Amino acid sequence: MSFFDEKIGTLLPVYMAWVLRHRVFVLLITIAILAVSGFLATRLTSDNVMVKYFKKNSEIRIADEVLNSFIGGTSELAVVITGKNQEVFRNPGFLVLLDTLQTRINTIPGVGKTISFANYIKRIHRSMNNNSDAFSSIPASPDMIAQYLLLISYEDYETLVDESFTEGRIVVQIKEASTDYYRDVIKKIQTLVPAGMKEYADISMTGTADLMLTVNRLVVKGQISSIIASAIIVLLLSAAVFRSITGGLLTIVPLTVAVVINFGVMGFLGIPLEVGTALTASIAIGVGVDYAIHYINSVKKNAGDARGPSGACEKATRLSGSAILFNALSVAAGFLVLNLSSFIPLIRLGNLIALTMVTASCATLTLLPILMQVIKPRFLGK
């Protein structure tokens, strides 16, 4: 701390004096940075595919690539088909439509393989006709389908249709690993449903791919709600501590700047919103608020001994500025240790928290003196 006390502690008041003299310029630069960060934040995407949580050279990623090269795909989407009538899966007309939908799904880029109850019927029909390609189709007779089903055990196809032949599914194996891709595939499949098929059954989606989309939505929704809730709680508690709404609003200014810059950097670097990065804003608000509270409290304590807000800010910066920076750098360094992890969400979390600590502390020591001089909040004299 001696280096910070002796060197940084003497430089900070000089820096603060420069900031106050050029406050209009500093505010314009801040607004420009926030505007650019806000624009870059619009590029922010969300992606919660678990295999991407690991580095490309990890055993899990390598194994996933190998499996995708040999099988239909490691991700699965199930097209659930619920019949409107009993034994709809014994109906030749419906099975033809089912086979048509399956064939169309196979044409989607990234889809490695599909399988449904129609595959079994077509295979048996072909086998019973000397394996002729001409019979690789759905038989036209319901009685023939019933006879074919007597030749095989229900256990052979129980994962594709229920015992009442009313509800079944098309299993879609996917080689791609991206929630954006999953979303596009689901939308595409809905457009590929043959005309007349919905007269027989209702169609919905499930499976690991759809689950990842649900997780994705929850992460985004949770991120928004957690930021709003954290900001409101910090505002109310700070307002109660300083007995002033103005004090509460001043407290969240550095946090707002830090969070906006954080999302801007994520958008610029293409860092997606996922489980790890979704925690960043809430942690940043909880940890970074200390700097603003500490600084404002120091200004308030010195307001009676100084000449006006600028004098109180100068004294607070001299007494508390080095401690704020030292704490920010210490916390940042602690989180940067997460770069040693092989789990990508933890690496991103560490880097973004470190960035947020630095920006929050700098915003505290730069913007709060300007705002206090301009606003001259009354609570400082209480």
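Placed from the backbone N, Cα and C atoms, the Cβ positions cover glycine too.
Among the features that TrEMBL reports, transmembrane segment is placed at 24-42, 224-242, 249-269, 275-293, 324-347, 353-375. For 169-375, the entry in TrEMBL reads domain 'Membrane transport protein MMPL'.
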Worksheet item: Does the transmembrane segment (24-42) make contact with the transmembrane segment (353-375) through 3 or more Cβ pairs under 8 Å, each pair 6 or more apart in sequence?
Response: yes
Worksheet, complete the sentence: Checking 224-242, 249-269, 275-293, 324-347 against the transmembrane segment (353-375) for Cβ pairs under 8 Å, the most are found for 249-269
Worksheet item: Same-chain Cβ contacts of the transmembrane segment (324-347) under 8 Å, 6 or more residues past its ends?
Response: 1, 4, 8, 12, 52-55, 58, 274-277, 287, 290-291, 294-295, 353-355, 357-358, 360-361, 364-365
Item to complete: For the transmembrane segment (224-242), could you work out the same-chain residues 6 or more beyond its ends whose Cβ comes under 8 Å from its Cβ atoms?
Response: 248-252, 255-256, 259, 278, 281-282, 285-286, 289, 292-293, 296-297, 300, 379
Discussion item. Limited to the domain 'Membrane transport protein MMPL' (169-375), I'd like the whole-number average of pLDDT.
Written reply: 89
